[in-house]
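Notes follow the structure.
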Amino acid sequence: MATEASCIFCKIIKNEIPSFKLIETETVYSFLDIQPTTVGHLLVVPKYHGAKLHNVPDAYLKDILPVTKKLAVSLGLDVDSPLGAGYNVLQNNGRIAHQEVDHVHFHLIPKRDSVTGLGVGWPAKQADMKDLAALHEELVRKLGDK
């Protein structure tokens, strides 16, 4: 486990700061958010201090989605109905992307109505197909180099 002495999430993981812990594995720690957007808003945090997702070794990411899924079920968010509850899994990287704590973390945010939970604006626009094809070609090439 790699930690940063001044990081609030590292301190929570090391039990230096109290939390409402939910699930802990060898690589992940989850707890209720103390500034929730709605009831049940929680965080799933790798036990490796990395500011952005690409800074965290894959081994510390392996439990993130299974733990998040288990927590969603425990919150009763597993009802498959278009009118039932939904939820967002959110992970931000960098201040410009709204990251407040420089330790990778995933929010599980229940969405039970149109007022509480996460509100998202999505400024989508129609892509230029030539530009999209060029980007696709570039990414496929870079992925092949790895």
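These residue numbers are counts, starting from 1, taken along the chain as shown.
The backbone N, Cα and C atoms fix where each Cβ goes, glycine too.
Which of 38-42, 53-57, 103-107, 108-112 counts as motif 'Histidine triad motif' depends on TrEMBL, and there it is 103-107. Computed over the domain 'HIT' (8-118), the whole-number mean pLDDT of the model equals 94.
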